[in-house]
């Protein structure tokens, strides 16, 4: 089912974006829900909503058929309502963490309940990285600082550097630690991307500081700024509530980072950018990222699933991202695909045929594990709607000029 397909509204989803704040709301709701219902299951509300309710709603509601019109691009980009939908994520996120820390330090919850609350906060932390992702791509100084603040809860501040100046430059190539290779399981990918992304961020920031004639121990060091925020946050919580909160703070941060990297795994699995005649990689195009138009997850993640257009035009704000005819399509929304990724045989059964179909069975065009043999395979195409949108399907209008360079410098 496709909705909003023939709408003439500037943005038919305008007042749905505020629902994205349900994510940080998951950190605020558990104590009240348990209080009024007596159901301790609500300490686990984060994974229940994100891995249970949202996939079901995606299936029931279907795809978003709308794309912004060219003439509305500037108005949508400059409308500050959309910015406040992301700004408000931060106070809700940190109030939830404060409440959780109080409960972790108390004797009112059982160990299982405390673990459930930590998992819920971990999911909020992971989606907080997505809010930081949207803010960190912006040129405004305030939004860049808010991005670092949003990353404090997960302790994943190096994402601010690596994502913009590393991942967006190397995406869909073997050199990118955040692009999953064909045949690589999630559990193989996670240690590679976490260590590789961290090392990349160190190198990129060191190079930036050197270009600007500054030392590593400089107030301008983006990594030190972000890490200092995490250190200040965690130290304050430990001083106020005691060392009992330490394992739960660590667990929620690990889950948040793991959720982010699992989404990274989904976004570029097996995809490889074309080579130019000079041997360099072509500029990233919509064909180099997996796309999904499932409405509910797109609202929940501020259009992150329109990832093909995001990588082709990283300067576009979330409300202006469009669905592209040539982008390879995921069979479900990110919430469902995360569940599939956890089980490698199921993931490969669903996704490997789609990767092969995207490249007409030519393994030489696929981003594979280094020692995997390259060959051309006969393939059976999955349903066209689930793989590649053809021009005969919904035509998306060309938007206003793209941002040009893929790398975003700070």
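Cβ coordinates are placed from backbone N, Cα and C, and glycine is handled just like the others.
Any TrEMBL annotation is an automated prediction that lacks curation.
On a predicted model such as this, the values are computed, not experimentally measured, just so you know.
Residues 223-242 are the range that TrEMBL records as transmembrane segment, among 203-222, 223-242, 243-262, 263-282. Most Cβ pairs under 8 A with the transmembrane segment (223-242) among the ranges 15-35, 41-61, 81-103 are made by 81-103. On the 0 to 100 pLDDT scale, the model's mean across the domain 'Fatty acid desaturase' (117-338) is 96.
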